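Marked as divalent metal cation binding site by Swiss-Prot on the basis of sequence analysis: D8, D9, S40, N92.
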Amino acid sequence: MRILLTNDDGIHAEGLAVLERIARKLSDDVWVVAPETDQSGLAHSLTLSEPLRLRQIDARHFALRGTPTDCVIMGVRHVLPGAPDLVLSGVNSGANMADDVTYSGTVAGAMEGTLLGVRAIALSQEYEYAGDRRIVPWETAEAHAPELIGRLMEAGWPEGVLLNLNFPNCAPEEVKGVRVTAQGKLSHDARLDERRDGRGFPYFWLHFGRGKAPVADDSDIAAIRSGCISVTPLHLDLTAHKVRAELGAALGVEA
């Protein structure tokens, strides 16, 4: 099985090293094409205004000055000697759940693999802060992902669907199981922090806040909060089919 790895935290990210160890438990045909720098929050963006610069690190490791989407395209269309059987994106430092999947470069890497006709899985590891220090239990994803991915590949899933895996913030032995979940919903509060530079000109920092919101029992959020691994199938068809039918009826047109 040929596996292509990417991420959005960059070629030197610890999560990518974890992902490679996971992949090597599944196959010895593993390739890495990852961003040269951190591309977090760039979602499914492409680099169109400048050329893509590819740097070969060794025989099967490449860094690209581009987004996770660029990396998957580069891997599938140029770097690999043949099409991969699986694209793995991650392991992200921090969960990618609920509405946050729309911002996630990690999820976008898997999305691009899916668009290119390759089975694809995004992996993210929840963490906590100790003071101002981020504590990420990478060993949890590393311990549980290989077997889970193997089982998922054996089970299979339809074309046009990617799998989004999130691992809870706990030790490997404390994981309480696996849940197949729905994408949850978070309360959304984007705000701007305006400041002034040395010449008095304004600049801004973007901040995201989270208020309290009901959490559905079958959601990715609920699974992670309960100490379970969340497996969420996401499809590329964004059509709201029920609303489409309702609007067609309201307008008296075919839908």
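Placement of Cβ uses the backbone N, Cα and C atoms for every residue, glycine included.
The structure, with features from Swiss-Prot marked on it.
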residue: D8; record: divalent metal cation binding site; DSSP (3 states): coil
residue: S40; record: divalent metal cation binding site; DSSP (3 states): coil
residue: N92; record: divalent metal cation binding site; DSSP (3 states): strand
Inset, instruction - Would you mind listing, in sequence order, the residues at least six apart from D8 (divalent metal cation binding site) in the same chain with a Cβ closer than 8 Å to its Cβ? - result: P35, D38, Q39, S40, G41, L42, T67, P68, S89, N92, S104, G105, T106, A108, G109
Legend entry - Sparsest-packed among the binding-site residues, when each Cβ's other Cβ atoms within 10 Å are tallied, from S40, N92: S40
